[in-house]
């Protein structure tokens, strides 16, 4: 395998990871399921492309504007739908994602359903990694603050959160907005990696893929989301040997892992060096004991 | 001085009047008991105070200000908090995290302060952690710090819920059947705890309870509800001697010839 191919997979995994991080905040920590995040990715992708192709802005400012516009749209949608409970919000986001895709299908200025070629290739492995690391740091800091705790409280027990003075609606809104920024930036990077945008790329399949990754990694775990994004994006590539049966094997693999580990890969726990040390030392300890027993 | 006033409050669910024309005042720093048969409207009154239900008619005053129509979180921020009849803890979090989450009112740093981890964030987080630690000690929870809330025995879950309520510095604390499901020994401990809380936190309390020992033992004033109407109000002594109350609980006395 040559480096170019591996690099490509890593970049795609990194882009997916960014979108998944945002969704992890919304689904894993605030407890709101969304099936429309591909819609926010699409908004980010097209806005970033407009900024850099039509208005000739540099890459990073275009990305920021892409994220911001996605956040603005999420604010609008959130205002209307966040009072809905549980499943209803989920269905509303599903409708949103599809609506955004259909609108883009019909905007001829942006290429319509045929797609929009000729977007400058500015996404490199380096800037993907840097943006991912910044994204992870921001998320970790947020989760470990009172704001993150308030979001987790809402996930656990909405009524009790209200009673201890948490403005539930506002925090849901913030969570949705931040996740939309992540998705928007991820979309922008995707467009500038592929050099081509088509509304079809942001179908419901993409949204479900993101949600699957979050659940697969373990709800309420950032390291789980990271691991999930890396594993599930590269898995279909590793299965190339199965040719046309590739996606079937992929599906079976996901089902198998979910059955054997229903709480997700990390199961709500975070990766920490302290925990790793503990596991390793306990393994050593067990080995030693077994060794002694053998003698 | 009265901390809470109900002026002719009515709550209707469709044709059903859950609370009808109820009037009462709760004096500051007192413990107020709310008793009555099942379905009398006691929990509805709590839901009205905390803004979970909206009042159909009348007004509720907290420290002289009208609070009906406010959102539950706004009422909580004014200083009213409660526990629930069916315990509502953050089940998957540890005891420490449960209380720490409720301490959020003790800091006002913004989202950007949190992302940047600046001095303001660090200082206020330290205050919150200290406050959590003190509360754990007062409530006797400190040696169970890292236990997941859902795994606690029932009595301790109730205790944790009270601790969580106290973390948001309330002026008025509403306890909805705090002794439900407790054995006599635990009930006795709860009574000492309520006295302790009153002394340490200077908080006014309203207690709904079916254990008469507890109500008679801790409350300065008691109100009896029946079918959403106020039946009687007074001290423990007065309530025990009230004919109407005895009728509501035990039924009418039969006349023998």
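Keep in mind that glycine also has a Cβ here, set from the backbone N, Cα and C atoms.
These features come from TrEMBL:
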- A:6-26: transmembrane segment (TRANSMEM)
- A:33-53: transmembrane segment (TRANSMEM)
- A:59-76: transmembrane segment (TRANSMEM)
- A:88-104: transmembrane segment (TRANSMEM)
- A:124-143: transmembrane segment (TRANSMEM)
- A:169-190: transmembrane segment (TRANSMEM)
- A:210-235: transmembrane segment (TRANSMEM)
- A:247-264: transmembrane segment (TRANSMEM)
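If one looks beyond the transmembrane segment (A:88-104) by at least 6 residues along the same chain, the residues whose Cβ comes under 8 Å of a Cβ in the stretch are 32-39, 42-43, 46, 73, 77, 80-82, 110, 112, 199-200, 202-204, 207.
Tallying C-beta pairs under 8 angstroms between the transmembrane segment (A:124-143) and each of A:33-53, A:59-76, A:169-190 places A:169-190 first. Between the transmembrane segment (A:6-26) and the transmembrane segment (A:247-264), the number of CB pairs under 8 angstroms, six or more residues apart, is fewer than three, so the stretches are not in contact.
Under the criterion of 3 or more C-beta pairs below 8 Å, with sequence separation of 6 or more, the transmembrane segment (A:169-190) and the transmembrane segment (A:33-53) qualify as touching. Remote same-chain residues near the transmembrane segment (A:247-264) are listed as 212, 215-219, 221, 224, 228, 232, 235-236, 239 (criterion: CB distance under 8 Å, separation of at least six residues from the stretch ends).
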